[in-house]
Structures are given as C-alpha cells and as structure tokens.
Amino acid sequence: DGCGHTVLGPESGTLASINYPRTSPNSTVCEWEIRVKPGQRVQLKFGDFDIDDSDSCHSSYLRVHNGIGPNRTEIGKYCGFGFQMDGLITSKSNEVTVQFMSGIHSSGRGFLAAYSTTDKSDLITCLDNASHFSEPEFNKYCPAGCVIPFADVSGTIPHGYRDSSSLCMAGVHAGVVSNTLGGQINVVISKGIPYYEGSLANNVTSEVGPLSTSLFTFKTSGCYGTLGMESGVIPDSHITSSSTLEWPNQTGQVNIWKPENARLKRIGPPWAAFISDEHQWLQIDLNKEKKITGIITTGSTLAEHYYYVSAYRILYSDDAQKWTVYKESGMDKDKIFQGNTELYQEVRNNFIPPIIARFFRINPVKWHQKIAMKVELLGCQFGIGRAPKITLPPPPQNKNDEKGADFMDDSIHSVKTSLQTDKTTFTPEIKNTTVTPSVTKDVALAAVLVPVLVMVFTSLILILVCAWHWRNRKKKTEGTYDLPYWDRAGWWKGMKQFLPTKSADHEETPVRYSSSEISHLRPREVPTVLQTESAEYAQPLVGGIVGTLHQRSTFKPEEGKEASYADLDPYNSPIQEVYHAYAEPLPVTGPEYATPIIMDMSSHPSTPLGAPSISTFKAAGNQAPPLVGTCNKLLSRTDSASSAQALYDIPKGQLGPGSADQLVYQVPQSVAHSTGNKDD
C-alpha cells in the first residue's frame, strides 16, 4: 500500500512513493519489479529523495536489488532528508527490484525516481526543468510516465514554454514524446516572453504563466502542418459522416449540420450526428496516403448549443473498407484520446508513432448532450515509397490439398499484418509539410532554372554597360585639344551668371598680346596652330570651365572676338585687343601679374663675351622692378649681346625684331601706364 505514481514502460519508466510530494503515511511498503529486454541493463536516477533517517535506515529506507525474486542481491540501502545521490545506480542484469519501506515518522516527502536502459546516458527525471541546464541547446532522454499532477507546465507550441516548466511534461504536451513510451527531446533555450498561454494537449493541461527570463522550445521533424480541413484543400465531398443532424428552428427553417461543417475555425454550426451513440463517425478522405501526426478538435462553438465530444477513438484505412483502430506501441488496448472539456477550447492530440493512411475516421465514445465537433488534421506528405509487393509461390495444383490453401491464407495474413505494423510504427524523418510530390518536381526544376536565368540576364547587362563605357571613352579620346560640344561659344555666357563672383583680391586677369599673325585666324583655328608649335609655354586648358582653373594658371577658353567671354581689360590699349592663346604663369604669392626681372649678364665678369641678356619672370610682391626708360626697344632672345637692356622676351613662335612695331605688351602691375616710344 506504499506505491505512488507508477508507469513501467518497456525501456523506461517513473516511480514514486505514495502521497509524493507530501509526507507518506506510516507503516507502508511497496515493491517495483522492473524488466527490460534481455541483454540490457537498468539504470536508476532519483529526482527527489527525502526519507526519515532518525533510526539510521532501520524502519524507513529505500533498497535496490539486482534481479527479481528470492535470488536477488542487494545493490544498496538508502535514507536521509534531502539526500543527494550523485550519478546513477546501475544493475548487473535486465531485472531490478526497488523496495520502499515507511516506518514511524513525522516528516519526509518520500522519493521520485526514473529508470531506463543503460544506452540512454542522458536520462533525466520528470522533475527536471530548463533552469537546471546552462547550455543553450541540449538533448535529453525523458522516461515514460512524466504526466504527473505535481509538475507544472506553462506555455504551448509554437511560442514556447516557461523555463520553470518540467521538460519532459512539456515534451508530452508538445507531442514530441509519448507519456507511455518516453523518448528523446532536443531542447533550445531562448529569451523569455511576457505572457505564456495555456492549453490542453495530450492529456496535459498547460497553465497561463507570467514573464520569465528565458523559455524553451523543441526541435522536431517539422511534420506538424495542417492537412487542409481549415484551408479548404480537402473538398466537401471528401468529408462524410455516419449521420447528420437536421432540425427546424423557431421560424420553421431546417438547419442541417452537415459533415463539411466540421472544419476548424469555420464560422457557423459544426458537424453533429443525428443519433448520439458509439457507432457514429466522421470520415475524412485525404486523397492520397499522408503522414498524420496529430488532430485538433473543438465543440460546437455555439453558445446556445453546448455540445462537444469528450473522448474518441481513431481508425484509419487505405481503401475505406478495412479499418484499423489506433493503438500505442506495445499496447493491446485501443487508444482513447481525451477530447474537449467545453465547446470553445481547441484540444490537440498527437499520434506517436504517426499514422500513415489515406482515410481517417473519428469515432466518439463520450460526449456532452450531443455529438458535435470541428476538427483539423496535422501532418505532412508521405514521400517514402510503399513496401514492395510480396510475390507468393503458386498454390499447389491438387485441388483437394487443403493444407496448401491453408498455408496460402496464413501467408497472406502474415504479410498483411507485417505491412500494417510497419506502416503504423515506422516514423521516417520527413520535414516537408505542405508540398505534394508532384509539386516538388516543379520546385526542383524552378530551383535550377531561376539561377541560370539570373546569370544570363546579369551577363547581358554587364556586356551593355561595358559597351557603353567603351563608347564614351572613345569619344573622349577624339581630339585632345578640341573643345567639347558643351564648351562652345554661347554656353559660357549662360553659365557665368551661375558661377560665384571672385573677390577683387583673388581675381585672375590674363596677360594679353596683340599680334597681326593671330588676328586673322578664326577662334577654332588657334588651338590647331598652337599645337604645331613647340611647347615653350604650358598647353592650353581643355574643358573651358573657368571655375576649375588652378590658382597659378591664367588660361581662358579661346572664344575668338567675342568680348563677353572674359572680363574687360582694366588697362587701356591703343589697338583692338585679341586674346592670345597663352598667358604668362602666375607666381605662388604676390601680385596678380608676373613682374619681369631683367638681368644684364653681359656686364658680369664671369659672363663670356657675346652672351645674350637673360630674361626671366619672378614674383616680386608689390615692389616695382627697375626700369630703363619708359619703353625700350624690343629684342628677341637670339639678338646680339650688345643690347644690354632687353626688357622682355619674345614668345617662342612669334616674329623677331623686324615686327616689333606690331607687338604691344600690357604694362606690368604697379608700374604707371605710359605711351611707349619706338626707335626708328
């Protein structure tokens, strides 16, 4: 009379003392005989141990034995308040006896333990929760029998479970392990949420929970998608029933609660049977063989009709003729699923192992007032090939040989049984939940074609971009000194008004030359003539935008005789001015104009006889250069050394002294303007 919660499965189980976790009664005893498959051994793990040790384990204790019966041998005897047992107790054979003795005591919760075969090295108990483990993801083995009334679960799938929830009990609620078989769970820890919903699933009630620092979810095969009742993928003609409720309302209109009304979350009345007995059923044709992993049900969802099904059986078939009742693995009795407890709440039940079938039938066994329900099936496509067809030897030729006929019948019966068993227990890892096999081929084809088309279009775009870039580069290289179309006469006038006005201190005024050689040339011919000459001066600027000139450059775009191209000359000129193609370079600092510096090298002692005068330009600030007269005779660089007062050089490519009367130079800055004299 000392046995408490007990579930002994073929590979694992859970056992507890009576009244656990409250104090066990005095003078009680219980023995558990545990057997696993031959060749395997048993390991025992305690989740909680609290037995009175006031008399040194004499009257209250827990004893573990190897074997069963009179030949068993003792492994150990244990007692103590809050006793912490490190590690596992392992047997030497496939049989173990656990004996609990409760003497006279006033306190002590008793114990709770789990067992499994020794190949389950990651065994945990029903009391372990996520807060006991620090890893963000881990695998554990849950024993059978973890649906216990003294463990708490908060949350649901897919949102997750509160970290204080029992891992194994939450695994049963989520449908990843069976309460009668146990199983492996893959747990993932993540950040908690402010609120945890409650629900009823697999005979486990999850309570509403408050905020927590973390939560956990389970990794699964992913075969939990809806199969088409709610969405309408399953047509109305594929939903049938044993009977249909028909009744007139107060206005005389006939209401028919047809089987196609049994779609989950559909507004309106549900399906209801005309007669409420255990022979009623609702049948769904899935059109092809599917892997069915669960079912969700509700009641009538109509407040004025408080109808719902509280328990039901599940049957399945491949041809709608021969039906198989669903049973849990290793069980002989039909599995009775817990249904609804009221008309609104959605209740989920999972099939472990899953059902592989085309036709699915629900057979209510308990209900409230009338049989009425709405359903949805969970699962995925069954992509595994069917079992090969069995070829049997031909029957004996002797018609009177009844033994051969009996052998034939036995063989067929055994083949059908084995195939049916395989279909109901085999659980392949299938993660595709929505795509049919025919659509899968199209998806695979699209997965190949789409990248190819993207690569082709990308290549074409790159070719077009390269061609356009090459064409632009070719246009730019045509005519090094030719002005582009946007830099011709007229454009500059329109753009000057948008350019910022320079201050007087930084305004750049070019040095201008007058030449009869240049005046007769058209503006477009000047760059061509200049290009043929030797480059003693800097090459003209190509681009024509004044705002982009360097600080030391005084070049202006050539625009012929159009006076508005540049600012007016601040100095007077005796003849009509024509812009020269070149200008003298400016110094780094100093005035805006370069001041000529004249050095008479002929009088220097170290200068050889006949050396010409050397003229150069240098920034001289605001200091005026020394002048020899107001104007002197212009000499070329190649003139005789006897002219010791050469003031200016003749630009290369211009005429010599014989044409000096045709050249007019601008008077340098800081020198008073005067009229030049010429020598005859």
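First residue shown is number 1, and so on along the chain.
Quick reminder: no glycine exception, Cβ is built from N, Cα and C everywhere.
Record source TrEMBL places C3 in a disulfide bond whose other cysteine, from C30, C57, is C30. Per DSSP, the domain 'LCCL' (120-216) is made up of 11 helix, 38 strand, 48 coil. For the domain 'CUB' (3-118), the number of residues in each DSSP class (helix H, G, I; strand E, B; coil) is 0 helix, 61 strand, 55 coil. Ranking the disulfide-bonded residues C3, C30 by other CB atoms within 10 A of the CB puts C3 at the bottom.
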